[in-house]
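Per Swiss-Prot, the features are:
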| type | residues | note |
| --- | --- | --- |
| BINDING | CYS107, CYS112, CYS135, CYS138 | Zn(2+) binding site |
Amino acid sequence: MAELKVTAIKEGTVIDHIPAGKGLKVIEILHLSRPNGGVLLLASNVHSKKLGKKDIVKIEGKFLSEEEVNKISLIAPTATVNIVRDYGVAEKFNVEIPDEIVGILRCANPNCVSNHEYVTSKFYVVSREPLKVRCHYCERTMEESEILSNL
Ligand code: CTP
């Protein structure tokens, strides 16, 4: 086990290999207020062989929806999601930026129909590195910084 600095969790999700400094943003978009008292851990700037430095987020008692995994992929495309059960890693997968982003991102164009009518927002991923998406409705393109502030 690589990270003995941060305690293991019994049951829940470990989001590993987050680019250094992005862990807090991952926590923010998951709206983790922890009202039930589950443990939430953030390790930032931890040594990583693959990334040099990385962040890790551990959330006890939480399992991610597909929508949440897609949001994480936009912030932290290198992230690995580990599902922990009874102290063991039961499942592990890499997040992947989908080809279409539906319902999780607001269009930055204030005049876009998706900001005025009850339509579900939809974007096409035109580039993954650097991240760039195009709105299905108004064709406005958004780059990483705009995407992160409109999640
Ligand atoms: N983890 C945890 N609690 C557990 C089990 C694992 O917090 N009960 C965390 C580990 O600390 C690690 C991540 O989940 O950050 C993945 O665990 P594991 O697969 O054992 O670690 P590595 O082999 O280092 O993972 P990888 O190969 O993905 O780098």
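The backbone N, Cα and C atoms fix where each Cβ goes, glycine too.
Since the structure is predicted, the reported quantities are computational estimates derived from the model, not experimental observations.
When the binding-site residues CYS107, CYS112, CYS135, CYS138 are compared by the number of other C-beta atoms lying within 10 angstroms of their own C-beta, CYS138 comes out lowest.
Surrounding the centroid of the Cβ atoms of CYS107, CYS112, CYS135, CYS138, where the record places Zn(2+), the chain contributes additional residues within 8 Å, namely ALA108, ASN109, ASN111, VAL113, SER114, ASN115, SER121, HIS136, TYR137, GLU139, ARG140. Reduced to three states, the DSSP call for CYS135 (Zn(2+) binding site) is strand.
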